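Working notes for the structure below.
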Amino acid sequence: MASTAVGLGGGEGDPGAGGPPAGSAHPDDASSMSDDVFEDAETTQARIEELRRRPFGDGSYNPPAAPASVSASITTTTTQQQQQHHNPSHHHQSSHHQPSHHHHHHHHSQLSLTGSHHYHDDAIMAPVQRSATGYPGYRPSREAMQMYAYGTDDYDDDYNDGWRSYRYDEVDMHPAPSNAHQQPFDDTVNHKTILLGDSGVGKTSFLVKYNTGEFRLGSFSATVGIALTNKVVVVDGTRVKLQIWDTAGQERFRSVTHAYYRDAHALLLLYDVTNKTTYDNIRAWLGEIREYAQEDVVIVLIGNKADCSGSERQVKREDGERLGREHNVPFMETSAKTGLNVELSFTAVARQLKSRGYEHGDDGKFNVHDFVRDNTKARSVCAQCRNM
């Protein structure tokens, strides 16, 4: 029984899919063919050339050469080998000359009944368990059958009779489940996280509080250009690296910050609850984000300076929640002075980035909206601010 490798991934006559264009000549040099492809003595190079020139159907088909890329293995039983089964002397003679090869295929068939097979899919090897019955009703393509048939009559009888001479030994044409392809999170990536918002909303104090745990009242002037710091957030034992950028909020620096949107992984958009203008400008900021940032960028809306007194507050908490729902982004109120929800905002970003950081996209196990809602702390002081 001869084992013949057939690439099933390529199309007929497609130079990029494993076979040459129609009309290309096969090599005449017999040494260019693998010795173990055809075993029968009657299958000579002249015989192969004769079969290649014999038309199939309307005569327009020109069988492609065996592709160099092997993606499937088909075990064939030739007509002559079927006759060996009925001719003990011939079978004995073949076995005498090639005992090791015959034993190899017997052992190979046993492996196909119980083995754990692998399916090669875009350079990713994924383990797949299959039963010995294979795939009921499956037939190889007519092109593959024609390529290795020993004559038109043999081919037609073989194909129409359920291709009894052909069977799959260890092939899985079904891709493995997506989680089998999923690669571990890459903890070496620096995830660019940008703080955005009008000048004076407290972005620098917010970052310093997260980075050092300190609040320095009145010690910062308006940020000029870009400043950054690096932090590592550990999420369920996995290190998520954040490269946090503090941007200038002034209009004259807006063209500078636009350039940083394009490769940003996450954006924290802040407004000042004591300054309604900064809240009103959020929609303009979101418009810029939609225009310049990546489509799947993580966005968190933040109402900062929530430690304010009731008389100072100009934006209700409910207004921030409504704006977040309107743009489908999570919302929370924070205080760089007291530390309220400052760490939570970066933790939410890190968890969302980890969830998305697998090779095949979101693992489907984390919802940033639920996480923020379940973990946002209610302000213990000045509660009347929320009920204005």
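In case you wondered, yes, glycine gets a Cβ from its N, Cα and C as well.
Given the ranges 219-228, 279-288, 339-348, the record in Swiss-Prot names 219-228 as motif 'Effector region'. When pLDDT is averaged over the motif 'Effector region' (219-228), the result is 63.
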